[in-house]
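> As listed in TrEMBL for this protein:
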type	residues	note
ACT_SITE	B:HIS125	active site, proton acceptor
BINDING	B:ASP118, B:GLU191, B:GLU193, B:ASP225	Ca(2+) binding site
BINDING	B:TYR120, B:ARG134, B:GLN232, B:TYR236, B:THR336	substrate binding site
BINDING	B:ASP225, B:LYS245, B:THR249	Mg(2+) binding site
DOMAIN	B:18-110	domain 'Fumarylacetoacetase N-terminal'
DOMAIN	B:117-382	domain 'Fumarylacetoacetase-like C-terminal'
REGION	B:165-184	region 'Disordered'
There are 2 protein chains.
Amino acid sequence: MSKHPWLTIGTDHPFGPHHLPYGSFAHGSGEPRLGVRIGDHVLDVEAAAAACHRDTRPYQGGNLDPLLAAGPQEWAQTREWLADLLGDEDRADVLAPHVHPVDDVVMHLPFTVADYVDFYASEHHASNVGRIFRPDSEPLTPNWKHLPIGYHGRSSTVVVSGTEITRPSGQRKAPTDETPTFGPSVKLDIEAELGFVVGGRTRLGEPVPVESARDHLFGVVLLNDWSARDLQAWEYVPLGPFLGKSFATTIAAWVTPMAALGPARVDLPTQDPQPMDYLRGEAAQGLDITYEVDWNGTVVSRPPYATMYWSPEQMIAHMTVNGATLSDGDLFGSGTVSGPEPATRGSFLELSWNGSEPVELEDGSSRTFLEDGDTVTFRATAPGEGGPLHLGECTGTICPAR
Amino acid sequence: MSKHPWLTIGTDHPFGPHHLPYGSFAHGSGEPRLGVRIGDHVLDVEAAAAACHRDTRPYQGGNLDPLLAAGPQEWAQTREWLADLLGDEDRADVLAPHVHPVDDVVMHLPFTVADYVDFYASEHHASNVGRIFRPDSEPLTPNWKHLPIGYHGRSSTVVVSGTEITRPSGQRKAPTDETPTFGPSVKLDIEAELGFVVGGRTRLGEPVPVESARDHLFGVVLLNDWSARDLQAWEYVPLGPFLGKSFATTIAAWVTPMAALGPARVDLPTQDPQPMDYLRGEAAQGLDITYEVDWNGTVVSRPPYATMYWSPEQMIAHMTVNGATLSDGDLFGSGTVSGPEPATRGSFLELSWNGSEPVELEDGSSRTFLEDGDTVTFRATAPGEGGPLHLGECTGTICPAR
């Protein structure tokens, strides 16, 4: 075995040379640095660029911000350079001082979040929520199959995996209550989503068509859209979710480049009715990513991303068709990933059917919504070149309300 | 008359020494600079600080960003220093090179917008919209008098007064249409709002009570929440407005400090039912600001801000009660300001009652919603020390859809 562990990582490793996700790490008391992960190590990208006499500007500042701004050509060149570098025995001694075990570093938010949008792209999730929240209406609203429904969320409360989540307080009112009451949420929930990381700023008034959307799709992160269902149910008519969501959104520390997900591309489910022209195009594809939702050590669900109705390219085309700009660091979530089977639902609202069907955990306890001290972790795998990729974990533990 | 025009500006001038709003200006081919307005001139604040041997850091970078981050003590000290400086004959020669006529400068966005939230705090507006959009239901939703309803908007499309607004395209479907159609909005509208500019970042999980809210309220700007009503009506159920709003939001170039608005503080309208504890407090007050909505030269409405049901302090307390953070540069809109009388409505949706009652303009033409080439300008006045303040104008002209 080489004295340089990254040289011997095969494609059977979830963070093998076919993956190379990016993150922001700090070593010891140092400032955050942009890193690329190889196996169980992280390479300091700016330091490696300096050692290779390469322009360091796209890697400065400690996170992905300048690389996102640099655009798709730079993304491809950087990935090619890193893949080459990490397989090069001759340059391994030069790199060695800039490689750290992942266990020795602390991860930070991988980029500065500009606008954050959350979509609602799973037909199964939207139907389930419709049945639960609006039992007297059709499960899907009339617009659902015509456009990818989305809304803006709070950018400043997007946090990195591992950040503790304080149970939010707020107003709620059950239909049977005469007046609303105030207190800690009693229906604290998760939403297993995929987050898309955007780069390449556009100009106001210039839509991005489906065919060009990938020029702005840098990569993906697992995303947990923590949701206080009781707060949400009371507040959301008529202007949508607000405090039921804005207390925290967790994303994984590692951003998987879209370039690593080529083998995961799949056709979308049949879209019927056919979407309008601006939402059509061959570039509109799905992703074959399978989730694990782990609740205190029990995998309670395995949502399949391939069942999502709308593609990320369609979400970008829709989001910009009115002329709205994309900014470097925009983040958009897919919406909860739920498959057709109960064991593939991506929220506890659905898994426990709004609390009426408790979920059994392996420690013998049962749950409907989150209790203080509970930990939820998302993991996910996707086909990659040579072997499956494991996307970076997305985890959080619930602290009691203040 | 003094050779230094700012020395002779009285409180009868809308931008007199009792006002002192801030903006970001560029002179000639120069970079944007933080400015303070006095009469029809603007003083370069960073240059003035340097000339006075004062710490320039809160005034660097060309806009309000560092001053917002510096917090309320610095806000008060800066205002005191500037008021003193601008009245000082002995230092006028030193200042003179850093003072420019406003007609000679170009204004930029006064700060970098972090999270943008839009509230819905006018009872008259919410009731009118309810009657128009949901004629079969109660005008106000059951939650409306219990909490200030709000939702997140798109930060990256907040633009400075004077920016041309391209008519957005998107999907619409009238109730009588069988399927949705695509095209330029045919119900392009305005919303006359007040925008609140926030500084003093908070920590995740720490609510800001009503009593502390003013420590985070830096100032106000006139705000036009351009709205495509046809797009909005089709998309907004169940997750709220998205593309009907996200194409553009215009704010005035001049931020009036809260400190200048002391004389404008008034009691709120009676709140019945009494709000929950976290929304109560003596600091929750209204503002006596009267708007003019000018449509192609005709003042079509005079919305009175004093009729707003919820105060900005209550909006901050609500927005953070779930632990969500405030960031330097957060912007929140009040929601459309509409009074009880038809001639005080702050949107064309209301003024034309969804197109059924055309508005007559002085040029002999009539309007329901915005036509290409139309210009809308908001002006507003508030009582100030010694004389009324005129808030900075908020204007925009409609360009045809692409």
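Just so it is clear, glycine is given a Cβ too, placed from its N, Cα and C backbone atoms.
Predicted automatically and left uncurated, TrEMBL annotations should be read as such.
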> For B:ASP225 (Ca(2+) binding site), just give me the three-state DSSP call.
coil
> Taking each of the recorded positions B:HIS125, B:ARG134, B:LYS245 in turn and counting other Cβ atoms within 10 Å of its Cβ, which one has the fewest?
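Each of the recorded positions B:HIS125, B:ARG134, B:LYS245 was scored; lowest Cβ tally within 10 Å is B:ARG134.
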> Checking your reading of the structure: which of the recorded positions B:TYR120, B:HIS125, B:ARG134, B:GLU193, B:THR336 lie inside a 10 Å Cα sphere centred on B:LYS245 (Mg(2+) binding site)?
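Final answer: none.
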> Using Cβ atoms and a cut-off of under 8 Å, determine which of the recorded positions B:HIS125, B:GLU191, B:ASP225, B:LYS245 neighbour chain A, and list them by sequence position, or give 'none'.
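So none of them sit by chain A.
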> By DSSP assignment, list the helix, strand and coil residue numbers for the region 'Disordered' (B:165-184), in that order.
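Per-class counts: 0 helix, 10 strand, 10 coil.
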> Whole-number Å only: compute the distance from the Cα of B:HIS125 (active site, proton acceptor) to the Cα of B:GLU193 (Ca(2+) binding site).
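B:HIS125 (active site, proton acceptor) to B:GLU193 (Ca(2+) binding site), Cα-Cα distance: 11 Å.
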> C-alpha of B:GLN232 (substrate binding site) to C-alpha of B:ASP225 (Ca(2+) binding site): distance in Å?
13
> Given the binding-site residues B:ARG134, B:TYR236, B:THR336, which lie within 10 A of B:GLU193 (Ca(2+) binding site) by CA-CA distance?
B:THR336
> Using DSSP, how many residues of the domain 'Fumarylacetoacetase N-terminal' (B:18-110) fall into helix, strand and coil, respectively?
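Counting residues by DSSP class gives 47 helix, 23 strand, 23 coil.
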> Given a 10 Å Cβ-Cβ cut-off, pick out the one of the binding-site residues B:ASP118, B:GLU191, B:GLU193, B:ASP225 that has the most other Cβ atoms nearby.
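Comparing the binding-site residues B:ASP118, B:GLU191, B:GLU193, B:ASP225, the most crowded Cβ belongs to B:GLU193.
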> To which of the binding-site residues B:GLN232, B:THR249, B:THR336 does the lowest count of other Cβ atoms within 10 Å belong?
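Counting other Cβ atoms within 10 Å of each of the binding-site residues B:GLN232, B:THR249, B:THR336 gives the minimum at B:GLN232.
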> What is the separation, in Å, between the Cα atoms of B:ASP118 (Ca(2+) binding site) and B:THR336 (substrate binding site)?
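B:ASP118 (Ca(2+) binding site) to B:THR336 (substrate binding site), Cα-Cα distance: 9 Å.
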> Quick one: Cα separation, B:ARG134 (substrate binding site) versus B:GLU191 (Ca(2+) binding site), in Å?
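Computed Cα spacing between B:ARG134 (substrate binding site) and B:GLU191 (Ca(2+) binding site) is 19 Å.
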> Find the one among the binding-site residues B:TYR120, B:THR249, B:THR336 whose C-alpha lies closest to that of B:ASP225 (Ca(2+) binding site).
B:THR249
> Just to be sure I understand the packing, how many Cβ atoms besides its own are within 10 Å of the Cβ of B:TYR236 (substrate binding site)?
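Step by step: centre on the Cβ of B:TYR236 (substrate binding site), count other Cβ atoms within 10 Å, giving 23.
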> Taking the Cα of B:GLU191 (Ca(2+) binding site) as the centre, which of the binding-site residues listed as B:TYR120, B:TYR236, B:THR336 lie within 10 Å of it?
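Cα filter at 10 Å returns B:THR336.
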